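Q: I grabbed these lines from TrEMBL:
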- 14-129: domain 'Acyl-coenzyme A oxidase N-terminal' (DOMAIN)
- THR135, GLY174: FAD binding site (BINDING)
- 275-436: domain 'Acyl-CoA oxidase C-alpha1' (DOMAIN)
- GLU421: active site, proton acceptor (ACT_SITE)
- 476-652: domain 'Acyl-CoA oxidase C-terminal' (DOMAIN)
Amino acid sequence: MDYLSDERKKSDFDVEAMKVAWAGSIQEFQLSDRMAKLVANDPVFEKFTRPMLGRKELLKNTLRKSAHAWKLIIDLRLSEEEAKWLRLYVDEPAYTDLHWGMFIPAIEGQGTEEQKKKWLPLAKKMQIIGCYAQTELGHGSNVQGLETTATFDTRTDEFIMHSPTLTSSKWWPGGLGKLSTHAVVYARLIVGGQFHGVHGFIVQLRSLEDHSPLPGITVGDIGLKFGNGAYNTMDNGVLRFDHVRIPRNQMLMRVSQVTKEGKIMQSDVPRQLIYGTMVYVRQTIVADASKALSRAVCIATRYSAVRRQFGSRDGGPETQVIDYKTQQSRLFPLLASAYAFRFVSEWLKSLYLDVKQRLEANEFSTLPEAHACTAGLKSLTTTATADGIEECRKLCGGHGYLVSSGLPELFAVYIPACTYEGDNVVLMLQVARFLVKTVSELGHKKPVGTTAYMGRVASLMQKNSAVQTAEGWLNPGAVVEAFESRAARMAVRCAQELAKFGNPEEGFAELAVDLVEVAVSHCQLIVVTKFFEKLQQDIPGKGVKESLEVLCYVYALFLLHKHQGDFLATGYLTPKQASLANAQLRTLYSKVRPNAIALVDSFSYTDHYLGSILGRYDGNVYPKLYEAAWEDPLNDSDVIDGFHQYVQPILKQRLHSAKL
Ligand SMILES: CC/C=C\C/C=C\C/C=C\C/C=C\C/C=C\C/C=C/C(=O)SCCNC(=O)CCNC(=O)[C@H](O)C(C)(C)COP(=O)(O)OP(=O)(O)OC[C@H]1O[C@@H](n2cnc3c(N)ncnc32)[C@H](O)[C@@H]1OP(=O)(O)O
Ligand SMILES: Cc1cc2nc3c(=O)[nH]c(=O)nc-3n(C[C@H](O)[C@H](O)[C@H](O)COP(=O)(O)OP(=O)(O)OC[C@H]3O[C@@H](n4cnc5c(N)ncnc54)[C@H](O)[C@@H]3O)c2cc1C
């Protein structure tokens, strides 16, 4: 029985076409759908018992699933793209994520042709397993502050890898703790007693025969992390070197080379390329944000349509909680954000692929913008997603707190995304630096790409919003101009404040809070703009484009309402115009309402991937919650172990004293 069928009948757009719009293309949809079903129908990938397992069982279970996934990849001859989807739908962080997601990309991006030829075939056949060992106990954000050393020994043509202090211990790398045989290790290069910056080195950590650590290497897991199950399926590790020798040709040498004689040769490639793997992964994290947020929103939306509280008239049904305006005002902006992040990630991927191609042809001019966009959007989308998942839990009331709602585990797995691949504040400060530089160069350099609007800064500073009615906000030009003006005015105001400091670094440190706000406003502008640009494309299917238009305005006007202080303080909007935007937002929520269930169905998630009783496709929530409670191990017996030993004596004592 489909308890949500009436809801599904309310929608006025073609859900199958929306699924394609969400996926990006019919090919991508079919590929993803095939992999989702493959995983959902395979009992090896069951995940409901995960939160009940102890750490050792949990990790072993992950190894079993990863081995099974690898077997499927080989047996079914899956492409790299199919394998990525398969791992995504298995939905369990594993050492293989870092092997495929960082170790291999680090070699691809920073290795020479010779190094790629040697290491990539081994890695791609999984004859070696690698991780990305950058962060240390003492330093994560400050990469130049890393302490591990790689000292060149001209006599033996080797580097000596060493951990000189406790704080130089590598700490956090996923896959390092128990599984990696190799790592790309980031260390200070020392040649002839001189420090030559941080570089990547391929280091073997464990024997390929018996997996024991090689001489001079101390390696292990760093211990339990937040939440049951969740990210504990990953063996984040600690690593120390005691004068471990590796051949010279294991330094990744695309950026700088060290010759046999101990000479440093710089190629034309900028030093920043050493950070290139992070640019790649940050871009994938933006796509993951839309997946995580859409999962949470799918659960909260379906449950909000099933759940009823108050409002019964003449004994009739109570009100579905999704019909409360307050519920809509919390839920629908998250639904719109999931779509917004999906489309901005699509754009970011194309920007990244373009930069990658240019880098391969030794053209580096677009790297700073790629860095700013990936850093800023990673920060913006992961912060909003982490907060959004928690909001979805609250939107589901008490039942959202049950593990069987799927939300606690999703939250626990997701929140480190605000920290890994760059702390979100640190990353926004990088965007701020980029914007300050752009503003300071306005007189002699025309800004391009996502900062092109800065080129119109004079007019953006003067012109105020012309919106007169609530309908007036349903105009892409009016909305985009509002976001451009706010970002440009905030950037200019900050630049003026910075100019008052004699020392720019001192000014930057003092004004960091304002600078982060400028960076956030710039990144929100990018997301809004890319959503409108998406709507310019041909999007087939009855009502699909119209529904996306509604979501685009919800996203933009929700942000405008939330940050109206900025819009008002910069003088671009009047209080009346801000309140017209809010009135329009209420109208938009009413337009989303009948389509809400269809809009989350369009994510095309299987019940397996959602992993939530509240978010079940059929809406059959209460019987399944009731059934699941009885499956809890505590309900194996009526009288629990420990009762007779610890509780009964207390009760008896009470009875005894009561008699007295
Ligand atoms: C289910 C999965 C299925 C399949 C798997 C497939 C894909 C998934 C992939 C991976 C899995 C995803 C997640 C897994 C989970 C966790 C993995 C986590 C991994 C990690 O966390 S790795 C460690 C990450 N660490 C960081 O991010 C550190 C943050 N710090 C920095 O980035 C920098 O050091 C910082 C903050 C930029 C330092 O700034 P500073 O100014 O001190 O630096 P420099 O002086 O060195 O440089 C200044 C100069 O360089 C420019 N710049 C800085 N960074 C970059 C860059 N990345 N690219 C290009 N340019 C950069 C900066 O703008 C300055 O330029 P300027 O001189 O001003 O022109
Ligand atoms: C689950 C998980 C997986 C990870 N996987 C890996 C991995 O595979 N490989 C790897 O190498 N690393 C990995 N990391 C490490 C991760 O990249 C770092 O933790 C991250 O970059 C943040 O650095 P940090 O821990 O040094 O934080 P810190 O920089 O110490 O941050 C602490 C606080 O200081 C603030 N702060 C720091 N610098 C500044 C500044 N300049 N201005 C203002 N505020 C500042 C931050 O905002 C934050 O509030 C992982 C981390 C986690 C949690």
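Residue positions begin at 1 at the first shown residue.
Positions of Cβ are set from backbone N, Cα and C atoms, glycine also.
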Q: Would you mind checking how many other C-beta atoms are within 10 angstroms of the C-beta on GLY174 (FAD binding site)?
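A: That number is 25.
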Q: As a quick check of your reading of DSSP, tell me how many residues in the domain 'Acyl-coenzyme A oxidase N-terminal' (14-129) are helical, how many are strand and how many are coil.
A: 90 helix, 0 strand, 26 coil
Q: If I take the alpha carbons of GLY174 (FAD binding site) and GLU421 (active site, proton acceptor), what is the distance between them in whole Å?
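A: Spelling it out, the Cα of GLY174 (FAD binding site) and the Cα of GLU421 (active site, proton acceptor) are 12 Å apart.
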Q: Go through THR135, GLU421, our recorded positions, and report the one whose Cβ sees the most other Cβ atoms within 10 Å.
A: GLU421
Q: Rounded to an integer, what is the Cα-Cα distance in Å between THR135 (FAD binding site) and the residue listed as 'active site, proton acceptor'?
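A: Pair distance, Cα basis, whole Å: 10 Å.
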Q: Give me the mean pLDDT over the domain 'Acyl-CoA oxidase C-alpha1' (275-436), rounded to a whole number.
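A: Its mean pLDDT is 97.
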Q: Which secondary structure state does DSSP assign to GLY174 (FAD binding site), in the simple three-class scheme?
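A: DSSP assigns GLY174 (FAD binding site) to coil.
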